[in-house]
Amino acid sequence: MTDTGPRTLPGDLTGHALIDRIVRVDHAGEYGAMRIYDGQLAVLGNKSEAGAAIEKMRDQEREHLDWFEAAVPRYRARPTVLHPLWHVGGFVLGAATAALGPRAAMACTVAVEEVIDEHYAKQTRQLGDTEPELVAKIEQFRAEELEHRDTGLAHEAEQAPAYPVLRAAVKGACRFAIFLSERV
Ligand SMILES: [Fe+2]
Ligand SMILES: [Fe+2]
């Protein structure tokens, strides 16, 4: 057996159903990520060192979003109907964490990017050798999300108030958002 092609389990999605799901959830996720940073910037502004770093990450999420925005029609994916929820939910998550201070804002980024790293790694495994352009973009974005996580750690995310609780809560929220956006 050669180690190429998508590795699937019985019941896993394949073919266009898989691509439809991947493009939908990633488009939703990149949109949500941008909104989180929008919310943080609304509270913290972009003048401080942390604010400038957040603005840089927000601009990168905008590039990720633009790529998936164009990918939705190109891969004939159905966009999520939950767009309005991510519009508000992302912003509120960003604003709420930033209201706790810049370290909590950075803790939010660390938690989000940890989930996204696993999420994108899983997708590249599922796609295997199919859809090389999509896989290349997911891998590029995954590397950039890991840079965001490192930016969060460099800005003392781990010293945020109640860091373990905050991190677990944000990770849980992200996983739930992914679950929903894959399906609806
Ligand atoms: Fe992103
Ligand atoms: Fe990111």
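Glycine is no exception: its Cβ is also placed from the backbone N, Cα and C atoms.
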Since TrEMBL lists Glu61, His64, Glu145 for Fe cation 1, which candidate among Glu30, Glu114, Glu118 does it give for that site as well? Glu30
Based on TrEMBL, name the residue from Glu113, Glu182 that is recorded for the same Fe cation 2 site as Glu61, Glu145, His148. Glu113
For ligand 2, the binding-site residues of Glu30, His64, Glu145 whose CB is under 6 Å from one of its atoms are Glu145
